[in-house]
Structure formats: C-alpha cells, structure tokens
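Have a look at the structure below before the remarks.
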Amino acid sequence: MRIGHGFDVHRFGGEGPLIIGGVRIAHPQGLLAHSDGDVALHAATDALLGAAALGDIGKLFPDTDPAYKGADSRALLREAYRSIRARGYRLGNLDITLIAQAPKMAPHIPQMRVFLAEDLQCPIDDVNVKATTTEKLGFTGRGEGIACAAVALLIKE
C-alpha cells in the first residue's frame, strides 16, 4: 500500500465557470488557472501521483504546454490514473477536503463523488468529499479563493 497527499489553491477571478470536482457551480467568478482550475481534481491527481511516486500534476501536465490551456481536469485525472494503473496499482480510497467560505459545497458533493468514482473506475464508497470553512480567516475566509487537500491510498495488485 502507498499513501499520497495532494494540495491545491486557486484564487477567484474572471467570469467562470466555477468547476469543483467536475461539477459546475453557480458563482459570480471562476478560479484563475491554466486549466479549468478544478482545485478538487488537481489535489486528487497530485495525491494519486504522489502515492505512485510519479511526481505531480505540473510534471505530467505542464502549465507551459499550450495543449493544457483550459484543460478539463477530469480528463487529466483519468490520464494520470491510467499511468498509475499501468504501474500495477489501483485505488484503495480517496479523501478530499475542500476549504472555502463560499460557495457552499454540500449540495454538490454527491455529484462530485459520482464523477470521481466514474473517473477512477471504483465504487462510490471508495471516494469521499467534504468541505469546511476557515471561519472567515485567511484568503479563503475573505472569499479570495479556494483550497483543497486530498489523501489517496493505492494498493498494488
């Protein structure tokens, strides 16, 4: 078994869309990023890559490569997971923590879990998503952006 940790942060800016965990969420701004700015999937991808000792999302999908401009983070997650599967690993479980003052994530978490289970070809019970605030402290508390942490367990087959 191998454990990986991922973390990502993006600040709000532009008109959007705001995509978190593959779900489009109504919000006046999107997140500024080279790709679609999906902090949940970026943190999850980093956790998976870290567990497999394959570097990080920036190594696999460099933000200097125009091919990834505006990229769908679900596609990036699927591609990263294919590389992990090719090394003989499968997901044990994935746990994601979103950190944001707004928008409220709870209504969107069930669909995020569905997308993650689809993309990682696993039972929905192997993926968890939860959200918290920083009680209006720091950049997330001031509504300047969203942060996300993820932990993944991989099992050698």
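Start at 1 and count along the chain as shown; that gives each residue its number.
Backbone N, Cα and C atoms are what each Cβ position is placed from, and that goes for glycine too.
Annotated 4-CDP-2-C-methyl-D-erythritol 2-phosphate binding site per Swiss-Prot: 8-10, 34-35, 56-58, 61-65, 100-106, 132-135, PHE139, ARG142, in sequence order. Around the Cβ of ASP65 (4-CDP-2-C-methyl-D-erythritol 2-phosphate binding site), 10 further Cβ atoms fall within 10 Å across all displayed protein chains.
Taking all protein chains in view, 28 other C-beta atoms sit within 10 angstroms of the C-beta of HIS42 (divalent metal cation binding site). For ASP8, HIS10, HIS42, the entry in Swiss-Prot reads divalent metal cation binding site, with the evidence type sequence analysis.
According to DSSP, HIS34 (site 'Transition state stabilizer') is assigned to coil rather than to any helix or strand. Annotation source Swiss-Prot lists site 'Transition state stabilizer' at HIS34 (among others).
Its own atom aside, the Cβ of THR133 (site 'Transition state stabilizer') has 15 Cβ atoms within 10 angstroms in the protein chains shown. The annotation site 'Transition state stabilizer' is assigned in Swiss-Prot to THR133 (among others).
Within the group of binding-site residues (SER35, THR132), the Cβ with the highest number of other Cβ atoms inside 10 Å belongs to SER35. Sequence-distant neighbours of ASP8 (4-CDP-2-C-methyl-D-erythritol 2-phosphate binding site) (same chain, 6+ residues apart, CB-CB distance under 8 A): VAL39, HIS42, ALA43, ASP46, ALA147, CYS148. Cα-Cα distance from HIS34 (site 'Transition state stabilizer') to THR132 (4-CDP-2-C-methyl-D-erythritol 2-phosphate binding site): 25 Å (rounded to the nearest whole number). Across the structure, ASP65 (4-CDP-2-C-methyl-D-erythritol 2-phosphate binding site) and HIS10 (divalent metal cation binding site) are spaced 19 Å apart at their Cα atoms.
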